[in-house]
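Below is one structure; the comments refer to it alone.
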Amino acid sequence: MDSVEGLALGPVIWTASQEELLRQPYNHLVTQPGKNFRNTLIRVFNGFYGLSERQVAAVTELVEMLHVASLLIDDIEDNSAWRRGVAAAHVVYGSPMTINTANYMYFVSMSLLGQLAAQRPAGPLQDLLKVFNEEMMNLHRGQGLDIYWRDTFTVPSEHDYLRMVMHKTGGLFRLTVRIMEALREGPDGPGSTLVPLSNLLGVLYQVRDDYLNLTDSRMSENKGFADDITEGKFSYPIIHGLQYARVHDPAGYDFLVSVLRQRTTDITTKRRVVRYLADVSGSLAYTKQRIIELATLIKTKYIPASGTELCNVIDSLTSF
(Lines of atoms letter the chains of each structure in order from A; the text may use other names.)
(Lines give C-alpha, C1' and ligand atoms only; values in the text may rest on other atoms or scores of the structure.)
Protein backbone atom coordinates (compact mmCIF):
# COMPACT_ATOMS: atom_id res chain seq x y z
CA MET A 1 0.00 0.00 0.00
CA ASP A 2 2.89 2.34 0.67
CA SER A 3 3.99 2.01 -2.94
CA VAL A 4 0.48 2.78 -4.18
CA GLU A 5 0.29 5.84 -1.95
CA GLY A 6 3.68 6.93 -3.21
CA LEU A 7 2.38 6.76 -6.77
CA ALA A 8 -0.70 8.75 -5.80
CA LEU A 9 1.27 11.51 -4.08
CA GLY A 10 4.04 11.78 -6.66
CA PRO A 11 4.00 13.19 -10.18
CA VAL A 12 2.48 11.22 -13.05
CA ILE A 13 5.39 9.44 -14.69
CA TRP A 14 5.55 8.81 -18.43
CA THR A 15 8.82 7.60 -19.91
CA ALA A 16 10.40 8.17 -23.30
CA SER A 17 10.26 4.45 -24.04
CA GLN A 18 6.53 4.39 -23.28
CA GLU A 19 6.04 7.39 -25.56
CA GLU A 20 7.88 5.58 -28.33
CA LEU A 21 5.67 2.52 -27.92
CA LEU A 22 2.52 4.62 -28.03
CA ARG A 23 3.61 6.46 -31.17
CA GLN A 24 4.50 3.35 -33.17
CA PRO A 25 1.48 3.49 -35.53
CA TYR A 26 2.07 7.21 -36.07
CA ASN A 27 5.80 6.80 -36.68
CA HIS A 28 5.08 3.91 -39.05
CA LEU A 29 3.30 6.35 -41.37
CA VAL A 30 5.16 9.59 -40.73
CA THR A 31 8.48 8.02 -41.75
CA GLN A 32 7.07 7.20 -45.20
CA PRO A 33 7.51 10.07 -47.69
CA GLY A 34 4.28 11.91 -48.48
CA LYS A 35 3.42 14.64 -50.96
CA ASN A 36 4.59 17.48 -48.64
CA PHE A 37 1.97 19.67 -50.29
CA ARG A 38 0.83 21.21 -47.01
CA ASN A 39 4.40 22.04 -45.99
CA THR A 40 4.97 23.80 -49.30
CA LEU A 41 1.69 25.65 -48.93
CA ILE A 42 2.56 26.93 -45.45
CA ARG A 43 5.83 28.33 -46.73
CA VAL A 44 4.03 30.05 -49.61
CA PHE A 45 1.27 31.38 -47.35
CA ASN A 46 3.93 32.88 -45.13
CA GLY A 47 4.84 35.22 -47.96
CA PHE A 48 1.61 37.02 -47.03
CA TYR A 49 1.81 36.63 -43.24
CA GLY A 50 5.49 37.20 -42.48
CA LEU A 51 5.77 34.84 -39.51
CA SER A 52 9.16 33.99 -38.05
CA GLU A 53 10.95 30.80 -39.09
CA ARG A 54 10.28 29.43 -35.62
CA GLN A 55 6.55 30.08 -35.97
CA VAL A 56 6.44 28.57 -39.45
CA ALA A 57 8.21 25.46 -38.18
CA ALA A 58 5.71 25.11 -35.33
CA VAL A 59 2.70 25.57 -37.61
CA THR A 60 4.15 23.03 -40.04
CA GLU A 61 4.70 20.50 -37.25
CA LEU A 62 1.17 20.98 -35.93
CA VAL A 63 -0.52 20.65 -39.32
CA GLU A 64 1.59 17.65 -40.33
CA MET A 65 0.77 15.94 -37.04
CA LEU A 66 -2.96 16.48 -37.51
CA HIS A 67 -2.79 15.35 -41.13
CA VAL A 68 -0.95 12.10 -40.38
CA ALA A 69 -3.18 11.32 -37.38
CA SER A 70 -6.28 11.84 -39.53
CA LEU A 71 -4.86 9.43 -42.14
CA LEU A 72 -4.50 6.74 -39.47
CA ILE A 73 -8.21 7.07 -38.69
CA ASP A 74 -9.17 7.39 -42.37
CA ASP A 75 -7.53 4.09 -43.24
CA ILE A 76 -9.48 2.28 -40.53
CA GLU A 77 -12.78 3.90 -41.49
CA ASP A 78 -12.18 3.09 -45.17
CA ASN A 79 -10.73 -0.38 -44.50
CA SER A 80 -7.67 0.59 -46.56
CA ALA A 81 -4.85 -1.94 -46.62
CA TRP A 82 -2.16 0.38 -47.99
CA ARG A 83 -0.92 3.91 -47.42
CA ARG A 84 2.10 5.56 -49.04
CA GLY A 85 3.18 2.27 -50.55
CA VAL A 86 3.32 0.31 -47.27
CA ALA A 87 0.82 -1.62 -45.17
CA ALA A 88 -1.55 0.74 -43.37
CA ALA A 89 -0.77 1.27 -39.69
CA HIS A 90 -3.84 -0.61 -38.43
CA VAL A 91 -2.86 -3.63 -40.54
CA VAL A 92 0.48 -3.72 -38.72
CA TYR A 93 -0.50 -2.61 -35.21
CA GLY A 94 -4.23 -3.36 -35.07
CA SER A 95 -7.18 -0.97 -35.09
CA PRO A 96 -7.46 -0.41 -31.30
CA MET A 97 -3.84 0.70 -30.93
CA THR A 98 -3.95 2.82 -34.08
CA ILE A 99 -7.17 4.59 -33.04
CA ASN A 100 -5.74 5.37 -29.62
CA THR A 101 -2.48 6.66 -31.10
CA ALA A 102 -4.26 8.87 -33.63
CA ASN A 103 -6.48 10.38 -30.94
CA TYR A 104 -3.44 10.91 -28.72
CA MET A 105 -1.64 12.75 -31.51
CA TYR A 106 -4.60 15.09 -31.91
CA PHE A 107 -4.04 16.19 -28.32
CA VAL A 108 -0.27 16.35 -28.74
CA SER A 109 -0.81 18.70 -31.67
CA MET A 110 -3.20 20.80 -29.61
CA SER A 111 -0.51 21.16 -26.94
CA LEU A 112 1.69 22.85 -29.57
CA LEU A 113 -0.74 25.78 -29.60
CA GLY A 114 0.65 26.90 -26.25
CA GLN A 115 4.13 27.08 -27.74
CA LEU A 116 2.82 29.11 -30.67
CA ALA A 117 0.92 31.52 -28.43
CA ALA A 118 4.01 32.09 -26.28
CA GLN A 119 5.88 33.39 -29.31
CA ARG A 120 3.70 36.51 -29.46
CA PRO A 121 3.53 39.22 -26.79
CA ALA A 122 -0.26 39.14 -26.88
CA GLY A 123 -0.25 35.36 -26.45
CA PRO A 124 -3.43 34.56 -28.48
CA LEU A 125 -3.90 31.07 -26.99
CA GLN A 126 -7.67 31.46 -26.67
CA ASP A 127 -7.94 32.46 -30.34
CA LEU A 128 -5.78 29.52 -31.42
CA LEU A 129 -7.80 27.03 -29.37
CA LYS A 130 -11.02 28.38 -30.89
CA VAL A 131 -9.65 27.89 -34.41
CA PHE A 132 -8.38 24.41 -33.55
CA ASN A 133 -11.70 23.26 -32.05
CA GLU A 134 -13.84 24.70 -34.85
CA GLU A 135 -11.82 23.20 -37.67
CA MET A 136 -11.39 19.81 -36.01
CA MET A 137 -15.16 19.71 -35.59
CA ASN A 138 -15.58 20.65 -39.25
CA LEU A 139 -13.18 17.91 -40.30
CA HIS A 140 -15.13 15.28 -38.37
CA ARG A 141 -18.47 16.59 -39.65
CA GLY A 142 -17.29 16.20 -43.22
CA GLN A 143 -15.81 12.78 -42.60
CA GLY A 144 -19.00 11.69 -40.85
CA LEU A 145 -21.16 12.66 -43.81
CA ASP A 146 -18.82 10.89 -46.21
CA ILE A 147 -19.02 7.70 -44.16
CA TYR A 148 -22.79 7.96 -43.72
CA TRP A 149 -23.39 8.31 -47.45
CA ARG A 150 -21.13 5.36 -48.19
CA ASP A 151 -22.52 3.02 -45.53
CA THR A 152 -26.20 3.81 -46.22
CA PHE A 153 -25.63 3.99 -49.97
CA THR A 154 -27.04 7.50 -50.12
CA VAL A 155 -25.78 9.11 -53.32
CA PRO A 156 -25.18 12.82 -52.62
CA SER A 157 -25.71 15.57 -55.14
CA GLU A 158 -22.65 17.26 -56.57
CA HIS A 159 -23.47 20.35 -54.49
CA ASP A 160 -23.79 18.38 -51.25
CA TYR A 161 -20.54 16.57 -51.99
CA LEU A 162 -18.65 19.84 -52.47
CA ARG A 163 -20.09 21.20 -49.21
CA MET A 164 -18.95 18.05 -47.43
CA VAL A 165 -15.47 18.38 -48.93
CA MET A 166 -15.25 21.97 -47.73
CA HIS A 167 -15.64 20.59 -44.21
CA LYS A 168 -13.56 17.45 -44.53
CA THR A 169 -10.62 18.47 -46.73
CA GLY A 170 -10.94 22.22 -46.37
CA GLY A 171 -10.72 21.95 -42.58
CA LEU A 172 -6.95 21.57 -42.37
CA PHE A 173 -6.35 24.21 -45.03
CA ARG A 174 -8.58 26.64 -43.13
CA LEU A 175 -6.97 25.73 -39.82
CA THR A 176 -3.56 26.53 -41.31
CA VAL A 177 -4.62 29.92 -42.65
CA ARG A 178 -6.57 30.92 -39.56
CA ILE A 179 -3.72 30.04 -37.21
CA MET A 180 -1.24 31.97 -39.32
CA GLU A 181 -3.62 34.94 -39.38
CA ALA A 182 -3.96 34.82 -35.59
CA LEU A 183 -0.18 34.88 -35.23
CA ARG A 184 0.68 37.66 -37.66
CA GLU A 185 1.68 41.07 -36.36
CA GLY A 186 -0.12 44.31 -37.16
CA PRO A 187 -3.68 45.08 -38.30
CA ASP A 188 -5.47 42.65 -40.57
CA GLY A 189 -6.64 45.19 -43.11
CA PRO A 190 -9.69 44.82 -45.37
CA GLY A 191 -9.89 41.78 -47.60
CA SER A 192 -6.68 40.35 -46.22
CA THR A 193 -7.96 36.91 -45.23
CA LEU A 194 -7.08 33.84 -47.28
CA VAL A 195 -9.90 31.75 -45.78
CA PRO A 196 -12.07 31.81 -48.95
CA LEU A 197 -9.03 30.74 -50.94
CA SER A 198 -8.37 27.89 -48.50
CA ASN A 199 -12.00 26.76 -48.84
CA LEU A 200 -11.67 26.53 -52.62
CA LEU A 201 -8.26 24.95 -52.31
CA GLY A 202 -9.74 22.17 -50.19
CA VAL A 203 -12.33 21.48 -52.88
CA LEU A 204 -9.74 21.57 -55.67
CA TYR A 205 -7.39 19.27 -53.78
CA GLN A 206 -10.09 16.67 -53.02
CA VAL A 207 -11.65 16.63 -56.50
CA ARG A 208 -8.18 16.24 -57.97
CA ASP A 209 -7.45 13.42 -55.52
CA ASP A 210 -10.69 11.70 -56.56
CA TYR A 211 -9.66 11.98 -60.22
CA LEU A 212 -6.14 10.68 -59.65
CA ASN A 213 -7.39 7.76 -57.57
CA LEU A 214 -8.99 6.37 -60.72
CA THR A 215 -6.36 7.40 -63.26
CA ASP A 216 -2.89 7.85 -61.78
CA SER A 217 -0.38 4.99 -61.76
CA ARG A 218 1.61 6.46 -58.87
CA MET A 219 -1.45 6.55 -56.65
CA SER A 220 -2.16 2.95 -57.65
CA GLU A 221 1.31 1.97 -56.45
CA ASN A 222 0.78 3.69 -53.09
CA LYS A 223 -2.81 2.69 -52.30
CA GLY A 224 -3.80 0.08 -54.88
CA PHE A 225 -5.61 0.56 -58.19
CA ALA A 226 -8.84 2.61 -57.95
CA ASP A 227 -8.96 2.20 -54.19
CA ASP A 228 -12.05 4.42 -53.97
CA ILE A 229 -14.05 1.75 -55.80
CA THR A 230 -12.96 -0.89 -53.29
CA GLU A 231 -14.01 1.44 -50.47
CA GLY A 232 -17.43 1.92 -52.07
CA LYS A 233 -16.77 5.64 -51.90
CA PHE A 234 -18.92 8.25 -53.59
CA SER A 235 -16.09 10.27 -55.07
CA TYR A 236 -16.68 13.18 -57.45
CA PRO A 237 -16.39 11.24 -60.75
CA ILE A 238 -18.34 8.30 -59.35
CA ILE A 239 -21.20 10.60 -58.29
CA HIS A 240 -21.27 12.08 -61.80
CA GLY A 241 -21.24 8.60 -63.33
CA LEU A 242 -24.14 7.45 -61.15
CA GLN A 243 -26.16 10.56 -61.94
CA TYR A 244 -25.57 10.08 -65.67
CA ALA A 245 -26.39 6.37 -65.60
CA ARG A 246 -29.54 6.82 -63.52
CA VAL A 247 -31.02 9.02 -66.26
CA HIS A 248 -29.48 7.65 -69.46
CA ASP A 249 -28.36 4.06 -68.84
CA PRO A 250 -30.30 1.97 -66.27
CA ALA A 251 -28.15 -1.11 -66.95
CA GLY A 252 -25.01 0.93 -66.41
CA TYR A 253 -26.46 2.31 -63.18
CA ASP A 254 -27.17 -1.20 -61.90
CA PHE A 255 -23.61 -2.22 -62.80
CA LEU A 256 -22.04 0.71 -60.93
CA VAL A 257 -24.25 0.20 -57.88
CA SER A 258 -23.48 -3.52 -57.80
CA VAL A 259 -19.71 -2.98 -57.94
CA LEU A 260 -19.74 -0.27 -55.26
CA ARG A 261 -21.81 -2.46 -52.94
CA GLN A 262 -19.42 -5.38 -53.43
CA ARG A 263 -16.37 -3.42 -52.20
CA THR A 264 -14.48 -5.44 -54.79
CA THR A 265 -10.72 -5.80 -54.99
CA ASP A 266 -10.90 -7.40 -58.44
CA ILE A 267 -8.75 -5.36 -60.84
CA THR A 268 -10.69 -6.39 -63.96
CA THR A 269 -14.01 -5.29 -62.47
CA LYS A 270 -12.55 -1.99 -61.32
CA ARG A 271 -11.09 -1.36 -64.77
CA ARG A 272 -14.59 -1.83 -66.22
CA VAL A 273 -15.88 0.88 -63.88
CA VAL A 274 -13.08 3.26 -64.85
CA ARG A 275 -13.72 2.59 -68.57
CA TYR A 276 -17.40 3.32 -68.04
CA LEU A 277 -16.59 6.62 -66.33
CA ALA A 278 -14.17 7.48 -69.13
CA ASP A 279 -15.97 6.29 -72.26
CA VAL A 280 -19.70 6.17 -71.45
CA SER A 281 -20.63 8.74 -68.82
CA GLY A 282 -17.76 11.13 -69.56
CA SER A 283 -17.24 11.51 -65.81
CA LEU A 284 -13.45 11.59 -65.90
CA ALA A 285 -13.38 14.31 -68.56
CA TYR A 286 -16.03 16.23 -66.62
CA THR A 287 -14.00 15.97 -63.42
CA LYS A 288 -10.79 17.05 -65.14
CA GLN A 289 -12.56 20.09 -66.59
CA ARG A 290 -13.92 21.02 -63.16
CA ILE A 291 -10.40 20.83 -61.72
CA ILE A 292 -9.17 23.27 -64.37
CA GLU A 293 -12.15 25.58 -63.76
CA LEU A 294 -11.56 25.59 -59.99
CA ALA A 295 -7.88 26.37 -60.45
CA THR A 296 -8.72 29.22 -62.83
CA LEU A 297 -11.28 30.64 -60.40
CA ILE A 298 -8.77 30.60 -57.55
CA LYS A 299 -6.04 32.26 -59.60
CA THR A 300 -8.23 34.97 -61.12
CA LYS A 301 -10.31 35.97 -58.08
CA TYR A 302 -8.77 34.77 -54.83
CA ILE A 303 -4.99 35.11 -55.05
CA PRO A 304 -3.54 38.54 -54.17
CA ALA A 305 -1.61 40.41 -56.85
CA SER A 306 1.72 39.45 -55.26
CA GLY A 307 0.85 35.75 -55.26
CA THR A 308 2.94 34.46 -58.15
CA GLU A 309 4.35 31.61 -56.09
CA LEU A 310 0.88 30.65 -54.93
CA CYS A 311 -0.30 30.63 -58.55
CA ASN A 312 2.51 28.20 -59.31
CA VAL A 313 1.29 25.92 -56.51
CA ILE A 314 -2.23 25.98 -57.95
CA ASP A 315 -0.86 25.26 -61.43
CA SER A 316 0.91 22.20 -60.04
CA LEU A 317 -2.50 20.78 -59.12
CA THR A 318 -3.66 20.89 -62.74
CA SER A 319 -0.71 18.98 -64.20
CA PHE A 320 -1.76 15.35 -64.61
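Every residue, even glycine, has its Cβ placed from backbone N, Cα and C.
Residues annotated as isopentenyl diphosphate binding site in Swiss-Prot, with similarity to another entry given as evidence: K35, R38, H67, R84. Taken from Swiss-Prot, the feature Mg(2+) 1 binding site covers D74, D78. Sequence annotations record features per position, and here Swiss-Prot assigns Mg(2+) 2 binding site to D74, D78 based on similarity to another entry. Summarising the annotation, Swiss-Prot assigns dimethylallyl diphosphate binding site to R83, K168, T169, Q206, K223, K233.
Shown on the structure are the features that Swiss-Prot records.
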residue : record                                 : Cβ contacts under 8 Å, 6 or more apart
K35     : isopentenyl diphosphate binding site   : none
R38     : isopentenyl diphosphate binding site   : T60, V63, E64, H67, L172, T176
D78     : Mg(2+) 1 binding site                  : E231, K233
K168    : dimethylallyl diphosphate binding site : N138, L139, R141, G142, Q143, L145, D146, G202, Q206
T169    : dimethylallyl diphosphate binding site : G142, G202, V203, Y205, Q206
K223    : dimethylallyl diphosphate binding site : S80, W82, R83, N213
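Summary of the isopentenyl diphosphate site environment: with the site residues K35, R38, H67, R84 set aside, the chain residues having Cβ atoms within 8 Å of the Cβ mean position are G34, N36, F37, E64, V68, L71. Packing around H67 (isopentenyl diphosphate binding site) is summarised by its Cβ count: 17 other Cβ atoms lie within 10 angstroms of its Cβ, all protein chains included. According to its DSSP assignment, R83 (dimethylallyl diphosphate binding site) is in a strand.
Most other Cβ atoms within 10 A: among the binding-site residues R83, R84, K233, that distinction falls to R83.
Within 10 Å of the C-beta atom of Q206 (dimethylallyl diphosphate binding site) sit 21 other C-beta atoms, taking all shown protein chains into account.
Among the residues K35, R38, H67, R84 said to bind isopentenyl diphosphate, no two Cα atoms are farther apart than 16 Å.
Shown in sequence order, S80, Q143 are the residues of the chain, 6+ apart in sequence, with a C-beta less than 8 angstroms from the C-beta of D74 (Mg(2+) 1 binding site). Annotation note: K233 (dimethylallyl diphosphate binding site) sits in a coil segment as assigned by DSSP.
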